[in-house]
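**Student:** Annotations per Swiss-Prot:
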type     : residues : note
ACT_SITE : Tyr110   : active site
ACT_SITE : His116   : active site
ACT_SITE : Lys147   : active site
Amino acid sequence: MKKVIEFYLSGDRVYSTREKAINQLYNNRGYGELKGNKLFLSLIEAAYLVERGWIKVLDEDRELTFEEIFKLGKRKDEDFDIKYLVYKDLRDRGYIVKSALKFGSHFRVYRKNAEHSDWLIWVLRESEKLSPNDMTARVRVAHGVRKNMVMAIVDEDNDVVYYKIEWIKF
């Protein structure tokens, strides 16, 4: 990407109406959600793209730094930091990462150029507890929509470890 694309802050996301944003970010790389002629990005996507130097985010006429976008995200979601680490790790590995809110998970993950996602990702801190009932419910939903359930565990050193959890029938 050569020229930085301008996005504008709007609540808990950012948007651009520039055709370049739609072509380069949405069509070619799977970022955001297209509504009419606007490309909307989540704060996690925006933070990632600002950190990479691909976009800049304006609030009124003032450009927001990566740290300011991160703080906005953290105010809206106390787990923004660990979700960002997982998002960044998956994107850096070449996967397309989208919200999985409607599936009761944090992210759905696609292989590049795939039409359907393979995985649902639930992000947890290593110190968090997850009840067997919660885990079972998440695996059932994933199985019901033909996806693999993956727990992304972030440790105290901010390293991410992925655990695939499967439904087994005997």
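Indices start at 1 and increase along the chain as displayed.
Including glycine, each Cβ sits where the backbone N, Cα and C put it.
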**Student:** Work through the active-site residues one by one (His116, Lys147) and point out the residue whose CB has the fewest other CB atoms within 10 angstroms.
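**Tutor:** Per-residue Cβ counts within 10 Å for the active-site residues His116, Lys147 bottom out at His116.
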**Student:** Rounded to the nearest angstrom, how far is the Cα of Tyr110 (active site) from the Cα of His116 (active site)?
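**Tutor:** So the Cα of Tyr110 (active site) lies 7 Å away from that of His116 (active site).
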**Student:** Among all protein chains shown, how many Cβ atoms are found within 10 Å of the Cβ of Tyr110 (active site), not counting that one?
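**Tutor:** Neighbour count, Cβ to Cβ under the 10 Å cut-off: 17.
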